[in-house]
Amino acid sequence: MAQRIFTLILLLCSTSAFAGLFDAPGRSQFVPADRAFVFDFQQNQHDLTLSWQVKEGYYLYRKQISITPTKADIAAVQLPTGVWHEDEFYGKSEIYRKRLNVPVTVNQAAAGATLTVTYQGCADAGFCYPPETKTVPLSEVAAAIDATPTPAVTQTSETSKPAAQLPFSALWALLIGIGIAFTPCVLPMYPLISGIVLGGRQRLSTGRALLLAFIYVQGMALTYTALGLVVAAAGLQFQAALQHPYVLIGLAIVFTLLALSMFGLFTLQLPSSLQTRLTLMSNRQQGGSPGGVFVMGAIAGLICSPCTTAPLSAILLYIAQSGNMWLGGGTLYLYALGMGLPLMLVTVFGNRLLPKSGPWMAHVKTAFGFVILALPVFLLERIIGEAWGLRLWSLLGVAFFGWAFITSLQARRAWMRIVQIILLAAALISVRPLQDWAFGSPSAQAPAHLNFTAISTVDELNQALAQAKGKPVMLDFYADWCVACKEFEKYTFSDPRVQQALGDTVLLQANVTANNAQDVALLKHLQVLGLPTILFFNTQGQEQPQSRVTGFMDAATFSAHLHDRQP
């Protein structure tokens, strides 16, 4: 008897241990969205907390989270900072892993009030889920006396344009500041400023001279840092509006005008009366003393010359776009430090370190005009799309390298011939996208992609299966938000081996980007958890579950899968 019981226990254990060996090959390795992103909420009067428990190997997109109240008023939602994730098609995106808590302040909620929460995530293995929508019932909350009304709809995804996505970082501000120091409006002033800082004294120790110059630069940096903090704080209040297409176009026009001022078409500077007052205030300070030197530096930060106004304005607009106060203050501090480094060198070592003035300083100013022109191209690229953005970058590159090449022709040194060849080659490379646009791209000769027949409902699928006339059918699910779907199109479906293997197969595709009721019904009918998912049907119109594909496959793997699948 005991032997039989022992045998039965072994049988049960072996069945449990090896059950996975007999699972259907087509079974998805991915869990449903509700298990990948476990959503929960908790309300305590005015305080509501939305929480997600994110499964290991999965992540949520920050920009895909939106919160919309109904019969309720909530404060603006501030999503926490995520971690950066980058892919080929969507670039950098902020994501959340492991756990996410979002606090929401409910100013007022009537009877039957709800909160509609939409979110979307993917798996690291290249599998993305359709947008999930949850309805959160709210308890009645009376409006506080000092509650400030907020807009009825809070779209947190609009605020997810982080400063790091802008084309230059705060470190670039240091290099720009150093470059501005060599423009014709700034460089000739350094010997004069150095003399004022030292109070006209020629015999000071090196340490004392360096200290006074450093204090002057810190005074100037304080003014710029405060300006950066103010602009960043203002930009934070209007950050969502700063992402509107009309606002982006307006900013692009402003940046273009700033660049034109660097080209000498017109002059930007403070009114002369205000500059005179600031100069008089600076002259009242005593040179050679730390306090007086610091005040002179702080006032000097307010006096913008024609060469510094445009770059400073561009950096301020960049900071306003970011809405990041730490970045705003730090960027302007580094910019002022970059402008002050040459002054410190002149104060300590004298004028012998300065290069001689000449036409080259005007060329430095013009070069900064091209740098500023890169900003409107970056902003417009969000509106006009990647293709037109590439053409604008191409046009800017041709203009810059062409100008640099023509300018270099004035040089007489032999080694400049090598520089001229490099500049000419860079201009020819930059013109390539414009050439492809005007005369057609050689890539147009690339193998054609698969010719899919679009379906969107269960009835259309059944009709297509009935019309297949004894041929096998492949159904591909596609969405614009699915990165791996785009990889399938670019790398897998364009491969000749794959196209040959699918030569006798009827190709269907369901675009579920909208994730509307029809899309949801089709996904539910076929038990599709997420994308990419590819289904195969035999000649009788029956799905072959063991052949189902979930997740990305390269051309070689997918081609082998096509040959191995059952007819």
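Placed from the backbone N, Cα and C atoms, the Cβ positions cover glycine too.
Keep in mind that this is a model prediction, so the values were computed, not measured.
Taken from Swiss-Prot, the feature signal peptide covers 1-19. Here Swiss-Prot flags CYS122-CYS128, CYS185-CYS307, CYS482-CYS485 as disulfide bond, drawing on sequence analysis. Per Swiss-Prot, the feature transmembrane segment maps to 170-192, 212-234, 246-268, 297-319, 326-348, 358-380, 387-409; the stated evidence is sequence analysis. Marked as domain 'Thioredoxin' by Swiss-Prot: 435-567.
A map of Swiss-Prot features onto the structure.
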residue	record	contacts (Cβ under 8 Å, 6+ apart)
CYS122	disulfide bond	TYR58, TYR59, TYR61, CYS128, TYR129, VAL483, GLY530
CYS482	disulfide bond	CYS128, LEU531, PRO532
CYS485	disulfide bond	CYS128, PHE477, TYR478, ALA479, LEU531, PRO532
Notebook entry, point to check: Taking 212-234, 326-348, 358-380 as candidates, which has the most Cβ pairs under 8 Å with the transmembrane segment (246-268)?
Noted result: 358-380
Item checked: For the transmembrane segment (387-409), distant same-chain residues with Cβ under 8 A (at least six beyond the ends) -> 363, 366-367, 370, 373-374, 377, 380-381, 416, 419-420, 423-424, 426-427, 429-434, 437
Notebook entry, point to check: Looking only at the domain 'Thioredoxin' (435-567), what is the mean pLDDT?
Noted result: 88
Next item on the list: With a Cβ cut-off under 8 Å, give me the same-chain residues at least six positions beyond the ends of the transmembrane segment (358-380) that come close to it.
Entry: 166-167, 176, 179-180, 182-185, 187, 248-249, 251-253, 255-256, 258-264, 307, 310-311, 314, 317-318, 389, 392-393, 396, 399-400, 403-404, 407
Check: According to DSSP, which of helix, strand or coil covers CYS485 (disulfide bond)?
Finding: helix
Checklist line | Packing count at CYS128 (disulfide bond) (other Cβ atoms within 10 Å of its Cβ) | finding: 21
